[in-house]
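The structure under discussion appears below in the form of structure tokens.
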């Protein structure tokens with residue numbers, strides 16, 4: 001109850017900070033939230049899974065969350081607060097499920113309370129809720145998976161219902177975020193270790209059914225088996241031997257040793273923009289040190305062999321998950337990609353520390369002042385990145401919300417008021433597709449299968465994009481100049497730009513408006529000039545000569 005009350009207070013404070021920064025207009029700190037809303041709206045109202053009502057595109061990396069939003073649209077509920085309220089529910093469920101897991105290992109009430117408060121603050125749950133994304137749903141399902149996996153940590157048989165429930169929750173978790181496959185891998189390893197061959201095989205097979213069904217439907221509608229966002233982020237792992245060696249270097253050296261691939265960008269901008277976060281990566285790598293260290297230090301006595309064995313096996317599941325995620329997936333981008341990892345890792349670290357503390361008490365050994373000081377220093381060193389990361393997330397939340405409100409949200413409102421059923425090219429497609437009724441062509445490929453295919457097949461180039469915009473009869477483009485080759489942009493007419501200050505989240509602080517169709521230049525200029533009084537005061541507008 002104390003933790004839930006604290007969570008409620010922090011959520012109110014977070015909302016207030018956002019509203020202060022946006023002049024009383026609630027806005028999410030990520031454009032991706034609006035992608036979910038756009039797809040959900042089109043699926044509920046038009047039966048089309050995509051950012052446009054006219055075409056299928058698997059732009060959502062969380063089909064389950066988007067489908068959940070669609071049920072509310074189908075019920076006639078269309079509110080910008082909807083993702084926030086859904087996240088509040090799953091945040092409370094996460095706390096409750098974590099408490100159940102801690103109770104299962106007999107942690108005292110005081111320790112459970114400290115653990116839950118630490119989880120809420122260090123994940124940090126309020127920031128994830130305010131993001132309006134799928135991460136609270138994912139964290140809750142992942143914690144539920146971990147709770148259900150306890151039944152697999154002994155050689156004894158489990159009931160059919162336990163196997164089916166774990167399979168169901170695992171399947172849903174995979175559709176919430178595909179990184180749940182890493183957690184499933186940890187559970188499968190635990191099942192194999194305990195020689196649970198039949199039950200493990202059933203869990204693995206049934207857990208993959210929802211993913212296979214989604215992939216089949218996607219392919220039938222002209223898409224790929226996996227969402228475009230997943231494929232495009234993983235595309236750099238494909239290629240020949242040289243690319244394989246480069247990928248292995250990135251994984252082993254930059255990610256698992258240094259915490260992310262930020263150091264790669266010293267030598268090349270190949271992975272920009274990707275949302276790498278040094279602090280996120282450092283935090284996760286520390287968990288890869290803390291958990292195995294505690295597993296090694298924890299030793300059973302004659303009276304708790306089974307319990308300690310369970311604790312160690314339980315800790316190995318998120319350890320495997322964390323290792324695979326750090327090696328193969330991303331961290332950062334408002335500290336959200338690793339949020340579920342920290343929820344799981346903080347929980348198992350609390351369990352390990354509790355039993356290790358009991359072990360130290362039983363040993364009755366007296367430690368010198370130097371030993372205590374060394375131990376305190378090591379603990380501080382190991383856990384220091386966690387509060388720093390949380391502080392960074394709380395600090396960036398209101399600023400990021402202001403960035404999105406001043407840039408993407410205004411882009412969407414401008415298109416809503418000034419254009420109707422017009423082909424518009426963009427690279428951030430969430431707010432512009434959700435708020436307006438235009439046909440949005442995603443030049444980055446997340447929301448368009450043609451562009452995604454061009455990237456995946458090595459055809460993506462300025463010439464490819466020019467042919468694409470001509471074929472789709474695009475009238476205007478709203479893009480970041482830095483994301484595209486100048487040879488493409490020179491073929492369009494630059495009309496104006498909007499620039500925001502103190503950017504912490506957007507792909508660029510200045511977005512440019514182009515007339516792809518030269519005949520549209522004057523009209524675009526006039527419409528932008530008419531909308532200018534509606535822009536927040538922090539946006540700087542620049543106009544460019546439109547006459548040849």
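Even glycines carry a Cβ here, placed using N, Cα and C.
Heads up, TrEMBL stuff is auto-annotated, nobody curated it.
Among the residue ranges 199-219, 220-240, 241-261, the one that TrEMBL annotates as transmembrane segment is 199-219. At the 8 Å Cβ threshold, with sequence separation of at least 6, the transmembrane segment (314-333) lacks contact with the transmembrane segment (369-388), having fewer than 3 such pairs. Within the chain, the transmembrane segment (278-298) has long-range Cβ neighbours (under 8 A, six or more residues past its boundaries) at 255-260, 262, 308, 311-312, 315-316, 318-319, 322-323, 325-326, 331-332, 335, 337-338, 341-342, 345, 348-349, 352-353, 355-356, 359, 382-383, 385-386, 388-389, 392. Of the candidate ranges 80-97, 135-153, 339-357, 369-388, 339-357 has the most C-beta pairs within less than 8 angstroms of the transmembrane segment (109-129). Taking every recorded stretch in 80-97, 135-153, 369-388 and counting its Cβ pairs under 8 Å to the transmembrane segment (339-357), the highest total belongs to 135-153.
Within the chain, the transmembrane segment (135-153) has long-range Cβ neighbours (under 8 A, six or more residues past its boundaries) at 62, 64-65, 68, 86-87, 90-91, 93-94, 97-98, 100-101, 104, 123, 125, 128-129, 162, 165-166, 169-170, 172-173, 176-177, 179-180, 183-184, 187, 190-191, 194, 196, 199-200, 309-310, 313-314, 317-318, 336, 339-340, 343-344, 347-348.
Remote same-chain partners of the transmembrane segment (369-388), defined as residues 6 or more beyond its termini with a Cβ less than 8 Å from a stretch Cβ, comprise 121-122, 279, 282-283, 286, 289-290, 342. Panel annotation: around the signal peptide (1-20), residues 26-27, 29, 84, 88, 91-92, 95, 99, 113, 116-117, 120-121, 125-127, 129-130, 394, 397-398, 401 of the same chain, lying at least six beyond its termini, place a Cβ under 8 Å from a Cβ of the stretch.
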